[in-house]
Amino acid sequence: MVKVTVLGAAGGIGQPLSLLLKLNPKVDELSLFDVVNVPGVGADLSHISTDAKTDSFLPSSKEDKTALGNALKGSNLVVIPAGVPRKPGMTRDDLFNINASIVRDLSQGIAENAPDALVLVISNPVNSTVPIVAETLKKNGVFNPKKLFGVTTLDIVRANTFLAELFPSEAKPTDFNVRVVGGHSGETIVPLYSVGESKKLYEKLSAEKKKELIHRVQFGGDEVVQAKNGAGSATLSMAYAGYKLAEAIITAQSSSSVVECTFLNLDSSIKGAAEAKKLVKDLDYFSFPVKIGPNGIEEIKYDILNEATEEKQLLDVAIDQLTKNIEKGVAFIKK
Ligand code: NAI
């Protein structure tokens, strides 16, 4: 039995993401939680003739914790797209003040009602909200670093698309699976184009074009924020990306393991974490390709950083910025 719970299910990301999860034949139960509008979203999705049983949960007041508890009980996988999105001119860090407490309270609910669930964090700023979830679960004595995933998949999706756009007669986005490491905001996003399937075409680009391409991946979210002109940030592409990671994790529950990039806690209990930490100046969190199995993250594929010599400078900048983002999240819970 696979039960998936979406926290923030009535939002711009939550709705299309829940639709995609409703279509997955491996999902038996789809549980939708939000503080507004979720009964309508749940009723709508429940008419779709796929097997996932759909239920929605709306708290009756700010103090009501029962709805969240009922939504979460028995979940194998919890996806969190709850919180406010960016408006033009905002950075992801500007969202911290509002989203930090939303994510903390939802994590408390997870600790109390679904401590064994795999947790996917979409709410921004991911570089800080993932440490917030980890610290909250630690406080409750239920943290398992193998089960916490910061969702950076949209950066990979963009990296694949933007490279293919530069070579319309030679490539399709699906030809690539660019490994994007670091974090999920601006210069902490480091696409490793010089490694893997993308290498051949990437090498054809001039130094200037390479720089433009990397900048587009790092700040691609701004294109959507500007085009939506105050009506939010990426929702449809994000729902696709969030689903892609969720689907990989669901697949890994029952068959062979898969490899995906995720922003994770480099805890020593995970294979490869000690080596990974050495490569990122001892940071506690970083996005790496990881091998995922039935119980979560099995191994960090850190070696890619040794291969990516061309991106060394970008990595140094990312590491520097991440230190502050991570500390901010940790301090929010420890204070
Ligand atoms: P939205 O405003 O359309 O939806 C957010 C939903 O969260 C709303 O339905 C709202 O009622 C709900 N919510 C607020 N507080 C809640 C709480 N305490 N419990 C449950 N639900 C709650 O925003 P959108 O566009 O869906 O974005 C959501 C988050 O995802 C934002 O923080 C955004 O920055 C982030 N995001 C992350 C990306 C990534 O790559 N990781 C990409 C794009 C957005």
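Each residue, glycine too, has its Cβ placed from N, Cα and C.
What TrEMBL says about a protein is an automatic prediction, not a curated fact.
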According to TrEMBL, Gly8, Ala9, Ala10, Gly11, Gly12, Ile13, Gly14, Asp34, Ile122, Ser123, Asn124, Met238 bind NAD(+); so which of Asn97, Asn99, Asn160, Asn265 is the extra one listed there?
Asn99
Run through the Cβ atoms and count how many others sit within 10 Å of the one on Asn124 (substrate binding site).
27
Centre the Cβ atoms of Arg86, Arg92, Asn124, Arg158, go out 8 Å, and tell me which other residues of that chain have a Cβ in range of the substrate site.
Pro85, Pro125, His184, Ser185, Gly221, Val225, Ser233, Ala234
Expressed to the nearest Å, what is the distance separating Ser123 (NAD(+) binding site) and Arg92 (substrate binding site) at their Cα atoms?
10
Between the binding-site residues Gly12, Gly14, where is the Cβ count within 10 Å the lowest?
Gly12
Reduced to three DSSP states, the domain 'Lactate/malate dehydrogenase N-terminal' (2-150) has 64 helix, 26 strand, 59 coil
